[in-house]
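Visitor: What follows is a structure written as structure tokens; I'll ask about it next.
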Amino acid sequence: MTEVLSNISPPPGAVASISDASPVHYTVKIELFSLLAKNAVEKYETGVFEAGGYTWKLVLYPSGNKSRNVKDYISLYLAKVDASSLPLGWEVHVIFRLFLLDQNKDSYLVIQGQERRFHGLKLEWGFDQFIQLSTFNDSRYGFLLEDTCVLGAEVFVRRERSRGKGEVLSMIKQPTAAFKHTWKIENFLKLDEKRQESQTFSSASEKWKILLYPKGKDFGMGTHLSLYLAVDLETLPAGCRLCADYTLRIVNQVKDRKLDLSAKAKHWFGASRSESGWTRYVSLDYIYQPNNAYVIKDICIIEAEVNVLGISSPF
């Protein structure tokens, strides 16, 4: 056993040992291991197992974790499963041991690192360089015989707790093209001061609507038309906020579209501030003037363009 350990360098920050006992929490046997690489299977995730009152799985990269620029090694990790079912702000401190069977001696190489903290932003810990491929493939070590290997895990929860509230801000690297919605309002001149709403429309996974106050709202009451964009709170997950660029415009129906009445803004939409816009979008005198061509045959056309830039979600 000492000879085996002397020829194996444990991953950085870990210690290696030999055990005659099988892993108590999970074992996985992989047959025809070489076909994983030949068939370009970069990652394999095991079934779910329970340990310490929590659910886990092993994540194996048979040719190394390329996302971490790992070459010439097998990468092996322990991952938390079903984290969404845990209390808000959860965290679990764990010591875990990963096993590899030496089939020649019927004993296990055990790799153990330091105590690790799993939480909503870190669901996976393990070893980029679990074992060197040249060692793993060498039959003298017994790790891969007849193209078969056996891996395992033990997970011991040391402490756990729930923290206060938090959030994750995810900006969109390459936002999709702005989504455009057109709202044709008939009998426009007959509208009173009641709020008017467009049909709900979608931009990616979010839903929106245009809000119109024909006779104005707040400081615009009686003198201006008020216009807003609102997110549909029924489709927005609880606690989430959206950062969006948006444009609202009243279309010039006769003259050059360059004469459209346009306004652009950026806003964080959420439960506390679900709408954004202008109380004094345009004066009623100006929009009602027939020569200005914004109301033709008692029809007004309003457009909205929405481009979501990021989303903030609680955890």
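Cβ atoms are placed via backbone N, Cα and C, with glycine included.
Remember, TrEMBL labels are computer predictions, not curated facts.
Sharing the feature lines straight out of TrEMBL:
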DOMAIN    23-155  domain 'MATH'
DOMAIN    178-306  domain 'MATH'
Visitor: Count up the helix, strand and coil residues in the domain 'MATH' (23-155) according to DSSP, in that order.
Guide: 19 helix, 69 strand, 45 coil
Visitor: Determine how many residues of the domain 'MATH' (178-306) DSSP places in helix, in strand and in coil.
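Guide: Computed counts for the domain 'MATH' (178-306) are 17 helix, 66 strand, 46 coil.
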